[in-house]
Amino acid sequence: MNPSTQQTPSQRPFPRREILLFGGLALVVLAVFASMGPAYATRMMVEAACYAILALGLTIQWGYAGQFNAGIMGFVALGGFSATFFSIPVNHAFWASDLPGRLGWVLLAIVAAVALVLAVSRIDRLGVPRWLRTLITVIVALIAYLVVISWLRSVTGDIESQVEFIGGLGLPVWLGWIVGGVLAGGIGYVIGHICLGLRSDYLVIATLGIAEIIKAFLKNSDWLTRGTATISPLPWPVPDPGEVGFVTARALYFCVTAVLIAVIFFLLHRAYHAPWGRMIRAIRDNEVSAAAMGKSINRRRQEIFVFGCILMGLGGAVLTSFTGIFDPQGYLPLNHTFLVLVMVILGGPGNNLGTLFGAVLVYVIWIMSGPLALALMHLVTALGGDWFGWQPGNLDSRALQARVFVIGLLILLVLRFAPRGMIPERVAQHD
Amino acid sequence: MNELIYFFNYVVVAGSVTGCIYAMGAIGVTLIYSILRFAHFAHADMMTLGAFVVLLLTLAFPHAGDALGLPTAIVMLPLAMIFTSLVAVGIDRVFYQPLRAHGVKPIVMVIASLGVTLMLQGLIRLFSGTGAESLYVEARKAIFRIELPGVTRPIIITEPQVILFVVTLVAVIGLHLFLTRARLGKAMRAMSDNPDLARASGINTKLIITLTWIIAGSLATLAGTLLSLDVAFKPDLSFFLLLPIFAAAIVGGVGHPYGAIAGGFLVGFAETLAVFNWSVLLRPLRDSLPSWLELPNNLALVGTEYKIVVPFFILIAVLIWRPTGLFKGKVI
């Protein structure tokens, strides 16, 4: 994984490989249009476009800077929640009751508790010994936590029993998309702040953990998200299928995502070829010499990690709005983390065009592999039943597991045989 | 006294059980890290694989344990350990070794291990389905109740828990003797300290790597099987193990086997204490408390559904204040 060693000529060669690959991809997409019908194919294309945003987020983290984020699912779920919360209609029963006031007081109490604990943690400046300060801080924090959490439990319990959940804000959905990106970026900032100074393995563990925690929170906070009861339908920023029909509505949604991708792509392209991009690559390829040149390594890493997380939050918000249902249990590491990883490493980490190619190609394969895996599974069980008397139940879920295996194998094969992807990163040389 | 017994049953026993499991997992992770220098994310799935092999063997020979008076699963352990170790060595040969030969960055090895995780998960679920299954196929779990004088509530401990404590003790002592006394064990420590020097002084590094996978695979099988024996075999076991195991290895100091044991117990007890409802212990004091102070019914720090948060916060705390871990391991 050392792209800078490749000797590229100073003038840009004719992009034959790109044209061939994208031509082939267009043929594949056309084949899907022809065989599955336009409604199905447009849905697939919109989802592929949403995944492309996620993949662009990962490509700047992994491809530009060599940071591996294994918690894309968490940022996707966060973005999805934000899109949901902003766009669904207001729950008037909640706002008419005394519950918003009580919830507000609890939120104020949380702020006060945090302020109290922070204040107590500074009392060593008044001459209290440090060990005593630590002890007092821990005890105060524990008591404050228990008090606040019991108030919160009672309020949220009342919300669930009286008005089911707090509802949304009834605002335009694009506001939720932006806030989703900001929220994801904020979480990314905290995680990056803790882990980026250490070796990248820690980042993998921490992101893996935060993703599961975000999912657990969204799944169990019934007062906020209705939990497993799910929220649907989510409004779209374009006319929905009921008004203009499936194909037109999905095509309009695709236009929105295409504009988003074009903007992101343009900004990333400019950033990559700017001095900032060169600095990021220098840090990735040789940290020591970049530091010797006076570059602030941790700050640059932090920037790029937060940018990546913002894109993931945004992509997750767009994807969830399109799906039309907010189901915290529907966010799976396989679908929302590892699929994106395969897209990036197969397409070409660090190459935006390659990432787009990888995103569309892998998503088409992924979608079409469902029926294929099921057919294969039927064949295997028929043979297995004849030869060994093996008769497994629920074929559908097992067929899905076969796809898990294939994704894992694909990751290993790409790392082994094409570590730089189908369209490798192209580093411009300025002689 | 009843409350104390309750505390013992639900915290001391349960915490030790989780602690033993995490410790054995964390030893494997830490050994692989110290020899091969990457965080092996497929470890929790190796535990699941080991348990799954035991399940298959137990299904095939449900009465094999009767002659020895042990659960069949325990009798099948050695076979499963051999099988899992072979699989671990095979995975290393096919997937990790070529990457090592290319001299890739450690993070690429981590991604490869995530790929292995998915493959193992897919395979296990493909064959076992997604439901939970008990490892007691045609037998029943023995439960020991120890009555103490003057108390109504007995101390409850189950057969798999007793076996777990014994096996952990034996495994840890065995590993300690191996690492400090045996020639290969010393070679292993030498390679962990300085791989180049170890190679230059004639240590067969390939053999050491193979040995590491065998030890890690066997420990993973032990931990996975004993955990499944205590509760039930679930194909998605690894999800709940991955984060605590890594937290344990990092808390103890990466590359430090004894630290991993301490870290395993620390994380195990922290989890159990965090979800324990403390108001049970305070209930006898209720009558003597002043009237303005009313005890809430639920004094647990976090709900059971947020158990996964605990190892994460331990991990974060260690990363902030002491990245080398409690026992001064290496910083990954």
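Each residue, glycine too, has its Cβ placed from N, Cα and C.
From a predicted model like this one, the values you see are computed outputs, not experimental measurements.
What TrEMBL records for B:6-34 (among others) is transmembrane segment. Only residues 6 or more beyond the boundaries of the transmembrane segment (B:6-34), in the same chain, are considered here, and those with a CB under 8 A from a CB of the stretch are 40, 43-44, 46-47, 153, 155-157, 161, 164-165, 168, 171-172, 175, 188, 192, 212-213, 215-217, 219-220, 222-223, 226-227, 230, 241, 244-246, 248-249, 252, 254-257, 259-261, 263-269, 271-273, 276, 280-281, 329-330, 332.
Distant neighbours of the transmembrane segment (B:46-64): 25, 28, 72-73, 75-77, 79-81, 83-84, 87-88, 120-121, 124, 127-128, 133, 135, 137-139, 216-217, 220-225, 227-228, 233, 235, 237-238, 241; these residues of the same chain sit at least 6 beyond its ends, with a Cβ under 8 Å from one of its Cβ atoms. Annotation comment: TrEMBL describes B:46-64 (among others) as transmembrane segment.
Residues or ranges marked as transmembrane segment in TrEMBL: B:70-95 (among others).
Long-range contacts of the transmembrane segment (B:107-127) within the same chain, counting only residues at least 6 positions beyond its ends with a Cβ under 8 Å from a Cβ of the stretch, are 36, 38-42, 44-46, 48-49, 52, 91, 95-96, 99-100, 235-236, 238. Positions annotated as transmembrane segment by TrEMBL: B:107-127 (among others).
Beyond the ends of the transmembrane segment (B:162-179), by six or more residues, the same chain brings 16-17, 20-21, 23-24, 27, 70-71, 74, 144, 185-186, 188-189, 215, 219, 222, 226, 229-230, 257-258, 261 to within a C-beta distance below 8 angstroms of the stretch. Feature annotation from TrEMBL assigns transmembrane segment to B:162-179 (among others).
For B:207-231 (among others), the entry in TrEMBL reads transmembrane segment. Listed as Cβ neighbours of the transmembrane segment (B:207-231) (distance under 8 Å, sequence separation of 6 or more from its ends, same chain) are residues 17, 20-21, 24-25, 27-29, 31-32, 35-36, 40, 43, 46-51, 53-55, 71, 73-74, 77, 80-81, 84-89, 92, 135-136, 158, 160-161, 163-164, 167, 171, 175, 184, 187-188, 191, 198, 237, 241.
According to TrEMBL, the feature transmembrane segment maps to B:237-254 (among others).
Distant neighbours of the transmembrane segment (B:261-280): 3, 6-7, 10-11, 14-27, 172, 244-245, 247-253, 295-304, 307, 310-311, 314, 325-327; these residues of the same chain sit at least 6 beyond its ends, with a Cβ under 8 Å from one of its Cβ atoms. Here TrEMBL flags B:261-280 (among others) as transmembrane segment.
Marked as transmembrane segment by TrEMBL: B:300-321 (among others).
If you look at the transmembrane segment (B:237-254) against the transmembrane segment (B:70-95), you find fewer than three C-beta pairs under 8 angstroms, all six or more positions apart, and that falls short of contact.
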